[in-house]
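Let me begin by presenting the structure, written as structure tokens, before commenting on it.
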Amino acid sequence: MRSLLWASLLSGVLAGRALVSPDEFPEDIQLEDLLEGSQQLEDFAYAYPERNRVFGGKAHDDTVNYLYEELKKTGYYDVYKQPQVHLWSNADQTLKVGDEEIEAKTMTYSPSVEVTADVAVVKNLGCSEADYPSDVEGKVALIKRGECPFGDKSVLAAKAKAAASIVYNNVAGSMAGTLGAAQSDKGPYSAIVGISLEDGQKLIKLAEAGSVSVDLWVDSKQENRTTYNVVAQTKGGDPNNVVALGGHTDSVEAGPGINDDGSGIISNLVIAKALTQYSVKNAVRFLFWTAEEFGLLGSNYYVSHLNATELNKIRLYLNFDMIASPNYALMIYDGDGSAFNQSGPAGSAQIEKLFEDYYDSIDLPHIPTQFDGRSDYEAFILNGIPSGGLFTGAEGIMSEENASRWGGQAGVAYDANYHAAGDNMTNLNHEAFLINSKATAFAVATYANDLSSIPKRNTTSSLHRRARTMRPFGKRAPKTHAHVSGSGCWHSQVEA
């Protein structure tokens, strides 16, 4: 009886609120609120010696609790923390050729190694056993990034009895990645690090001129950590027609991750708070993912634990990962596949069009970015859920054309502090932060009112796709967010 009474009272309170309007709601989003929330994340990180928000660490726990408490105290949402256990990994490393040290980054979940050995250049992209020369045994395999997951390359190198592996980038600049937790049916990993394209090419030239020896040391640490997603759904609105949006709460080891992805989660939090002034026709679900940087673990866990009925209640998913890059471009996920010949599930084209129309309405240029599997939309796409979102670029280099569009610096990364210690409050572009947060608010208000542009989903197709959700090596290549010209989070750096 008490629950029925409370539901009746809640319905009455919500009924007294005006329906959220896409024309007006974006104006409720203020820069000062975005910056206040971002500062809180930096404070969490800098309160501890690690100065980061890696999943399962104290600053990340503080982040999760902050989001939970801020949403809970509104009284507008049903909020819970979803517990899960994931394997954490970190490593120190050195790579030398003679007395010269080469910058290298150990891939997440790599085993340890200490070896001095010649380099063996692997044919093609190292994605099949035939690519590994017979004399790779006991040597360090040098493999080009591309085509298959880093975990596959590492396993194949181990099968060829390589002493260790080096993967070099296929675009300018350094690289890192994740192997994904080891899969017993695949075989053990070889120790593996990533280096830049330039350093990879130097090693190839030395190897072609004669043998070249490297000294590689990797000290890898791993432990299971308990961590949490935060889920908050409006108490009002149709719970069978859910508008879902999300971003990830964790950073890499190197820094506090205030753009990657503090910008996305704080934008969503500010929007969630502002939404409490209004009523909605369709339920809105805010999702805050853990352990994205280790292979989209939180979002994969969440989606894999939904049955077909619950999956079909989610009419669409919007992803916001790095929306305030300092040298930004305004990028929209290519839902219709017109730019990258890879469309999202039915309804994704309409999401892309909504964001395009919004930017057009305020005379802002925009470009598409690829659904490359490198952020938390992947599990939703693989389950047939229409998806979309925004991105402002990571380690990718801004072109002259894009610099002219947004007044940025050509020849410079969209985010020069991507996955680095400098991804703090000073790394945020305030203009991009506010523009994209207002665009997000517009989308939320639109779909909270009307989902008629998004086709109903089919249970059978969802079940068919679901089996593919938990991929053996996590996301794809480095979050280079493969995004068109922006690259991005190695969230995905599972795939070369």
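Glycine too: its Cβ is placed from the backbone N, Cα and C atoms.
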HIS248, ASP260 bind Zn(2+) 1 according to Swiss-Prot; which of ASP199, ASP215, ASP321 goes with them?
ASP321
Look at the Zn(2+) 2 binding annotation in Swiss-Prot, where ASP260, HIS419 are given, and name the residue from GLU223, GLU293, GLU400 listed for that site too.
GLU293
If I go by Swiss-Prot, the feature region 'Disordered' sits on one of 365-386, 475-496. Which?
475-496
Residue pair ASN307 (N-linked glycosylation site), GLU293 (Zn(2+) 2 binding site) - Cα distance, angstrom, rounded:
25
For ASN341 (N-linked glycosylation site): intrachain residues, at least 6 apart, with Cβ closer than 8 Å:
none
Please name which of the recorded positions listed here, ASN224, ASP260, GLU293, ASN402, ASN424, is nearest in space to TYR418 (site 'Transition state stabilizer'), Cα against Cα.
ASP260
Candidates ASN224, ASN424: member of the glycosylation sites with the richest Cβ shell (10 Å):
ASN424
If you draw a 10 Å sphere on the Cβ of ASP260 (Zn(2+) 2 binding site), how many other Cβ atoms land inside?
35
